[in-house]
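Take a look at the structure below.
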Amino acid sequence: MSSAMNWILSLGLFFLLKEQCYCIFAPNSTFLENLLNKYKDTTPHSRTRRAILRTDKEEIIQLHNKLRGQVHPSASNMEYMTWDDELEKSAEAWAEECIWEHGPTALLMSIGQNLAVHWGRYRQPAYHVQSWYDEVKDYTYPYPHECNPYCPERCSGPMCTHYTQIVWATTTKVGCAVNVCKRMNVWGDIWENAVYLVCNYSPKGNWIGEAPYKNGRPCSECPPSYGGNCQNNLCYKGDKHYGREGIVTNEVETPRFPEETPVWDHKKSNKPKAVPKTTQTSTENLMTQAIKCATKMRDSCKGSTCNRYKCPPGCINSKAKVFGTLFYDSMSSICRAAIHYGVIDNSGGLVDITRKGRLQFFVKSTRNSVESISKFKPANSFMVSKVSAQTIDCYTTVAEICQFVKPATHCPRFNCPAHCKNEPSYWAPVIGTNIYADSSSICKTAVHAGVIKDGEGGYVDVMPVEKKKHYFGSNKNGIQSDSIQNHKEGQAFRIFAVKQ
């Protein structure tokens, strides 16, 4: 491998996830100098430029459309993508912040977003676009007969949502920006002169339970507005690449944990000093979403961490609507539905959500001072349930309490004791990284994942998931987890910090 090999990392909406190795290389000073010169203004002492070069814009658009037109299985409704100036501006604003996470929060309600960062040798933005698309190798397309009513999420790698956002059929606009960050914290390491790429998309994709596109003969199901025009397997209106059109609403996944990337073992040279890897509590790796009284199920459901919410007090007096009884329409307020069902009272609290598929109608009733509304129209539904808390010891496993059962399983919020780190592995094993075998010790796993401190213990949230064939060990926070190949027993889980 070349000694100029660079670090490449990509981040895709939990925010998850679903993921923490680094690619080490010896940077070439000439490459780095050229890169910095390319993205800086020529005036003395000017700020780093975030606008992207027109040649890069054209390459990004051409590559997106090329990749969208060659999906397999073929897409019957894949639309042509154009550049959007407003999305570019929003990407510039976020790239300027030099924060390695999705944002800003207010904007994520209306756009999709892919992120990438590298350090060292120059890479064109299209290089990262291709790397996002390359997640296709881990993605299995859900055919219509598998969607009953929700399509299964089948990603055998650490992340597939960058790929699905790129090939989301109804996403028709993209705008990107590049910024050279003087100092950027990337998962605990401080990178100097980090090259940060932000691409914003609209309408956003990655709706939970939906396929990214319809399978069929190319252009056979294009929207009527395209007038039957087709170009390179894409629904096509004209040859205009750039536009100043408004942002349209849709949904994107926020990963909640970093990706597992291959380790390229090269000689170190001029690498920025890394922040010491000490035991620390992650403030970003959260499963519970804090929401408002008016937040609807459909508006809030982002990524796989879409089942636990924290409601504020005072929602009885809110005017947000609730449709149904027991089974609630996805356009209902989550918190008021929870009060209606009796899961929480007007003081707020935690609510677990279970999606229940499409129902033909919803029946009104008045319960706990909340009046729900009837709706005689088919829609997706959900149920609410109470979140309990359970104190456990260092040896308790997910398999003992809440092993994954399709379609979904909820676990209590667990309270871990301190000092589980040094418990022997034959009593308190930890198997895997980011996604763990459910025979692992919950509390020792929490220390390994960095969601609690060993000397303090504390609360953690757990999400049971389907088992993985392979689990890869790692040494994190003073704990060496185990690797297992061709694992056939049990299921798996993910673990999250709790923000008190």
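Counting begins at 1 with the first residue displayed.
Using the three backbone atoms N, Cα and C, a Cβ is placed for every residue, glycine included.
Annotated signal peptide per Swiss-Prot: 1-23, in sequence order, evidence recorded as sequence analysis.
Summarising the annotation, Swiss-Prot assigns domain 'SCP' to 62-201. Mapped onto DSSP helix, strand and coil, the domain 'SCP' (62-201) counts 47 helix, 42 strand, 51 coil.
Residues or ranges marked as region 'Disordered' by Swiss-Prot: 260-281.
Marked as disulfide bond by Swiss-Prot on the basis of sequence analysis: C293-C311 (among others). The 10 Å shell around the Cβ of C311 (disulfide bond) contains 26 further Cβ atoms across the protein chains shown.
Summarising the annotation, Swiss-Prot assigns disulfide bond to C315-C335 (among others). The secondary structure of C315 (disulfide bond), as reduced to three states from DSSP, is helical. Every protein chain considered, the tally of other Cβ atoms within 10 Å of the Cβ of C315 (disulfide bond) stands at 26.
Residues or ranges marked as disulfide bond in Swiss-Prot: C394-C416 (among others). Long-range Cβ neighbours of C394 (disulfide bond) (same chain, at least 6 residues apart, Cβ-Cβ under 8 Å): C416, P417, H419, C420, E423, W427, A428, S441, C443, K444.
What Swiss-Prot records for C420-C443 (among others) is disulfide bond, and it gives sequence analysis as the kind of evidence. In the shown protein chains, 31 other C-beta atoms lie within 10 A of the C-beta of C443 (disulfide bond). According to DSSP, C443 (disulfide bond) is assigned to a helical segment.
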Sparsest-packed of the listed disulfide-bonded residues (C293, C335, C416, C420) - C-beta count within 10 angstroms: C293
Helix, strand or coil at C420 (disulfide bond) [DSSP, three-state]: coil
Inter-residue Cα distance where the pair is C311 (disulfide bond) and C335 (disulfide bond), in Å: 6
DSSP three-state assignment (helix, strand or coil) for C293 (disulfide bond): coil
PLDDT averaged over the residues of the domain 'SCP' (62-201): 92
